[in-house]
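Reading through the structure tokens given below for one structure.
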């Protein structure tokens with residue numbers, strides 16, 4: 001009976017060691033993915049900054065990604081130019097307001 005317990009303990013030790021190696025590999029892959037996401041996040045355009053040259057490069061807000069919102073600006077010379085900035089669209093603002101209100105009520 002003692003031999004069976006020793007063999008069982010040895011098998012459990014080997015299995016836990018091999019599974020922890022797999023977990024370490026998984027954590028390394030996740031870490032690389034997070035580092036890549038962090039690099040992308042550093043390169044994105046923050047809220048209220050100009051996005052005229054990169055309309056799909058806005059950062060993420062609390063719940064949604066900011067959208068590049070453009071307007072036509074007329075200079076004193078009468079020349080029209082398009083100016084864009086990263087911002088939160090009205091329907092996203094409404095959704096964030098509802099979620100924030102729900103969190104306050106339901107905790």
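Positions of Cβ are set from backbone N, Cα and C atoms, glycine also.
So that you can see what the record holds, here are the features copied from Swiss-Prot:
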type: DISULFID; residues: 44-59; note: disulfide bond
type: DISULFID; residues: 51-68; note: disulfide bond
type: DISULFID; residues: 58-86; note: disulfide bond
type: DISULFID; residues: 70-84; note: disulfide bond
type: SIGNAL; residues: 1-20; note: signal peptide
Problem - Nearest-integer angstrom distance between the alpha carbons (Cα) of residue 70 (disulfide bond) and residue 51 (disulfide bond) - result: 9
Handout entry: Of 58, 68, 84, i.e. the disulfide-bonded residues, those within 10 Å of residue 44 (disulfide bond) when Cα atoms are compared
Key = 58
Handout entry: Alpha-carbon spacing, residue 68 (disulfide bond) to residue 59 (disulfide bond), which is rounded to whole Å
Key = 10
Completion exercise
Per DSSP (three-state), residue 70 (disulfide bond) is strand
Completion exercise
Reduced DSSP state (H/G/I helix, E/B strand, rest coil) at residue 51 (disulfide bond) is coil
Exercise for the section: Among 51, 84, 86, these being the disulfide-bonded residues, pick the one whose CA is nearest to that of residue 59 (disulfide bond). Expected result: 86
Practice task
Among all chains shown, work out which of the disulfide-bonded residues 44, 59, 70, 84, 86 has the most CB atoms within 10 A of its CB.
Solution key: 86
Exercise for the section: State the three-class DSSP label for residue 84 (disulfide bond), counting H, G and I as helix, E and B as strand, and everything else as coil. Expected result: strand
Completion exercise
Judged by other C-beta atoms within 10 Å of its C-beta, the most isolated of the disulfide-bonded residues 51, 58, 68 is 68
